[in-house]
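What TrEMBL says about this one:
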type	residues	note
BINDING	PHE24, GLY26, GLY28, GLU68, ILE254, LYS256, GLY258, ALA296, THR299, GLU304	Ca(2+) 1 binding site
BINDING	ASP298	Ca(2+) 3 binding site
Amino acid sequence: MASLKVPSNVPLPEEDAEQLHKAFSGWGTNEKLIISILAHRNSAQRSMIRSVYAATYNEDLLKALDKELSSDFERAVMLWTLDPAERDAYLAKESTKMFTKNNWVLVEIACTRSAVELFKVKQAYQARYKKSLEEDVAQHTSGDLRKLLLPLVSTFRYEGDDVNMMLARSEAKILHEKVSEKAFNDDDFIRILTTRSKAQLSATLNHYNNEHGNSINKNLKEGSDDDYMKLLRASITCLTYPEKHFEKVLRLAINKMGTDEWGLTRVVTTRTEVDMERIKEEYQRRNSIPLDRAVAKDTSGDYEDMLVALLGHGDI
């Protein structure tokens, strides 16, 4: 996993913890100081700051932030400060609740994280919520959505680069047959998507494209456009071309009447240390405007400053 570029003269976690404590003290909160520290520390450094803060001040840094901050700025800072596995566990839980239900988030976590990362998310989920992620997904979904999402969150994909080309050809044929029959919820169709390694799946879908002159997602768009079909296409994109998926989420979040702050915050905080450079390139290519400028035009105040800092605008 890539990490933020952090200068060699970054203060010690003890100094950062002390500065954060000062930011919470006195009249009002020093939001600029909070951004200048947390937005410029990588995951390991943020974890150290939390440990030192708890040991020094006998309080969880997250609880202190929760007391001092509010609205979208608070959500961005809190999500960013969480350990990646904790963050994904929280996002997954939110996505299964009735009022914040969002199956797209489950697809993102299941399809864009590595097998080990997904395993850690499920461990964090179980530790925090005293039940398994699979249990909640099964409980809060039904029908075809459950049939797709449950194996996606349950799988432990092979992570290597080995590819069986004969298998790719035969499974491309199966996928094409199922698409032609509009059997989009077929067991074999779902099995291939939810169990094969990303390298194997890419080989299969490349063969599909070469053999039939269309990408599978283009063919799937010719089917119905219900929630299941949208999630099916999103799963394929997340597995094979994640930056394309996240560019779309960002485009929809900031290119319409009213900002989808939840989607915007989620993508920036979860992808900054992973593949944000590729997402920014994809966004610029698709929208002819740099992502940080688009975000700055659509947000304001401390929330804007936090997101732009995470996007790498300025000295990191």
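Quick reminder: no glycine exception, Cβ is built from N, Cα and C everywhere.
The separation of ASP298 (Ca(2+) 3 binding site) from GLY28 (Ca(2+) 1 binding site), Cα to Cα, is 26 Å. Every protein chain considered, the tally of other Cβ atoms within 10 Å of the Cβ of ILE254 (Ca(2+) 1 binding site) stands at 21.
Cα proximity to the residue listed as 'Ca(2+) 3 binding site' (within 10 Å) is found for the following binding-site residues from PHE24, ILE254, GLY258: ILE254, GLY258. Summarising the environment of GLY28 (Ca(2+) 1 binding site), the number of other Cβ atoms within 10 Å of its Cβ, over all protein chains shown, is 9. Cβ neighbour count for PHE24 (Ca(2+) 1 binding site): 19 (other Cβ atoms within 10 Å of its Cβ, all protein chains included). Among the listed binding-site residues, namely GLY258, ASP298, THR299, the Cβ with the most fellow Cβ atoms inside 10 Å is that of THR299.
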